[in-house]
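Q: Below you'll find the structure I mean.
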Amino acid sequence: MVSLLPLCYILGSVTFIVGLKMMSHPSTARRGNLVAASGMAVAIAGTLFLYRDGGKGLHNFGWIASGLLAGGVLGVVAARKVRMTAMPEMVSLFNGMGGACAALISLSEFRHEGMAAPFTLAGLVIGSVSFAGSMVAWGKLNGSVRDFAFRGQHFVNILLFLVLLGASIYMGIAQVPLLIYGITAGALVYGVLFVLPIGGADMPVVISLLNSFTGVAAACGGFLYHNPVMLTGGILVGSAGTILTILMCKAMNRSLLNVLIGSFGGSGSGSGGAGGAGTYREISLSDAAVVLTYAREVMVVPGYGLAVAQAQHACHELERLLSAKGVNVQYAIHPVAGRMPGHMNVLLAEADVSYDRLLEMEAANDLFSHTDVVLVLGANDVVNPAAKVDPSSPIYGMPILEVEKAKLVIVNKRSMKPGYAGIENQLFFQPKTSMLFGDAKGVLQQLIAEIKTIG
Amino acid sequence: MESLLTWIGDNQQMIYIVLLSIFLGVEVIGRVPSVLHTPLMSGANAIHGVVIIGAIIVMGEADPDNYSALLLGFFAVLLGTLNVVGGFVVTDRMLEMFKHKKKG
């Protein structure tokens with residue numbers, strides 16, 4: 001009997017390619033996502049009903065259906081409920097699920113038919129690393145896991161990697177069944193150690209990298225089953241994820257190796273802090289309110305602090321209030337503002353901020369010299385002038401928002417503690433800068449109340 | 001050496017698919033505006049959930065009374081579905097806002 005299954009798989013592969021392509025342009029992105037999703041549905045349905053191995057179809061439909069149902073319901077609920085600010089950890093969590101799925105497949109296939117192909121092992125190792133790494137990333141992003149590094153960690157990582165590699169090769173030759181559990185455990189530990197030392201600002205890069213790992217793990221499954229849609233889907237994501245990772249590194253002017261060795265996250269903060277404090281000025285809420293109200297051009301620089309405080313709605317309200325008073329308010333968006341590249345745009349869009357008020361970095365930098373007041377909301381490193389002037393700084397060379405060109409800078413932070421990169425920011429000690437301490441949301445709400453009293 | 005060559009011979013088509021997919025992935029992503037990095041990452045994340053097909057096959061071929069295999073397969077299917085469904089829904093939510101923003 002002629003099977004329709006190959007057609008389903010071809011359809012799936014084509015939709016993945018077309019969907020991904022459409023997702024790379026803002027105007028077609030949403031449709032692209034739907035295209036890919038429908039192709040996935042066709043490929044899954046085809047597998048369920050048309051898959052034949054030696055003339056025999058699949059069974060255990062009760063189990064499969066309950067797995068699909070439980071996963072589907074959980075997935076929809078989690079994806080619908082998650083707050084926009086928590087998006088990065090959600091992506092990381094889902095990625096971990098994919099990695100775990102790939103690892104579980106390899107684990108059970110191994111039991112079935114011994115070591116059919118080295119791809120079973122590769123899928124197991126890569127999937128496990130991706131799962132463990134993603135879980136750590138998830139924990140870090142939601143604040144339950146702290147950065148952790150110890151001396152010689154890179155050495156331990158490399159050693160563990162080599163041991164894993166050796167064990168896998170030995171496994172392939174000698175086929176010692178119990179070793180498979182050792183390899184799984186080793187891969188899980190490696191995943192944890194790999195992500196643990198990497199610092200906050202670098203997390204998106206790591207998530208993207210783990211994303212492409214899971215893609216490769218999925219492709220290993222494709223080799224295992226001679227399944228072309230798993231192969232194209234997996235490899236496509238693997239290579240696209242790698243490119244995305246590199247693009248992100250470029251946006252921060254860092255190399256991938258640099259991110260992985262973690263020279264500015266967590267471990268290597270020693271070099272930066274030396275520049276040391278100075279005196280800074282504080283500004284009162286009422287003074288800030290007056291300054292903003294009587295400005296003509298205001299530029300808001302939203303950052304991580306705004307995202308954490310969920311202050312995007314308050315921020316939009318402030319913008320409307322000031323606009324009503326004749327102030328021209330615009331937003332300067334750094335490519336890596338927020339918790340992931342492009343995340344800030346998503347957050348502000350959620351709060352209904354109009355698209356034409358959002359300026360990309362180059363456009364904003366041209367305008368700062370005409371700006372009366374810059375309001376920095378919880379951004380540190382993306383406005384740090386050290387990136388331009390201090391060759392010894394770990395972020396030297398990273399493109400920044402040149403807020404110091406404006407007439408006055410008001411910086412909202414919770415305290416004088418340095419930001420993600422762990423480096424001091426001389427901007428805060430400049431004469432034209434005033435600090436406004438407090439949680440972004442609280443401060444914005446108080447500012448709004450103050451401005452309303454000015455009338 | 002010989003076994004490697006046999007393997008390459010047997011899997012020629014698969015190897016071609018891999019090679020072409022690698023370049024395709026790079027080309028397709030090309031120069032994406034950084035505004036779209038997060039949704040794109042999330043969308044790609046959902047696509048690698050295609051691994052669920054493997055999970056379904058494992059599950060569907062397991063012995064009906066081998067409970068440990070069934071349980072393993074069940075979790076594989078569940079996690080894979082989470083990846084696919086959750087990934088696409090989250091991406092759609094993000095992109096929905098972009099669309100909205102363009103109109104407004």
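Glycine is no exception: its Cβ is also placed from the backbone N, Cα and C atoms.
Dumping what TrEMBL says about this protein:
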DOMAIN    A:7-449  domain 'NADP transhydrogenase beta-like'
TRANSMEM  A:6-22  transmembrane segment
TRANSMEM  A:34-51  transmembrane segment
TRANSMEM  A:57-78  transmembrane segment
TRANSMEM  A:90-107  transmembrane segment
TRANSMEM  A:119-143  transmembrane segment
TRANSMEM  A:155-173  transmembrane segment
TRANSMEM  A:179-198  transmembrane segment
TRANSMEM  A:205-225  transmembrane segment
TRANSMEM  A:231-249  transmembrane segment
Q: Select the range from A:34-51, A:179-198, A:205-225 that forms the most Cβ-Cβ pairs under 8 Å with the transmembrane segment (A:231-249).
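A: That would be A:205-225.
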Q: Among A:34-51, A:90-107, A:179-198, which stretch has the highest count of C-beta pairs below 8 Å with the transmembrane segment (A:57-78)?
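A: So the stretch in question is A:34-51.
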Q: Using a Cβ-Cβ cut-off of under 8 Å, list the residues of the same chain that are 6+ residues beyond the ends of the transmembrane segment (A:34-51) and lie near it.
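A: Same-chain contacts beyond the ends: 3-5, 7-9, 11-16, 18-20, 22-23, 57-58, 61, 64, 229.
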Q: What residues elsewhere in the chain lie close to the transmembrane segment (A:90-107), defined as a C-beta under 8 angstroms and at least 6 residues from its ends?
A: 75, 78-79, 82, 120-121, 123-124, 126-135, 137-138, 141, 180, 184, 187, 207, 210-211, 213-214, 217-218, 220-221, 224, 340
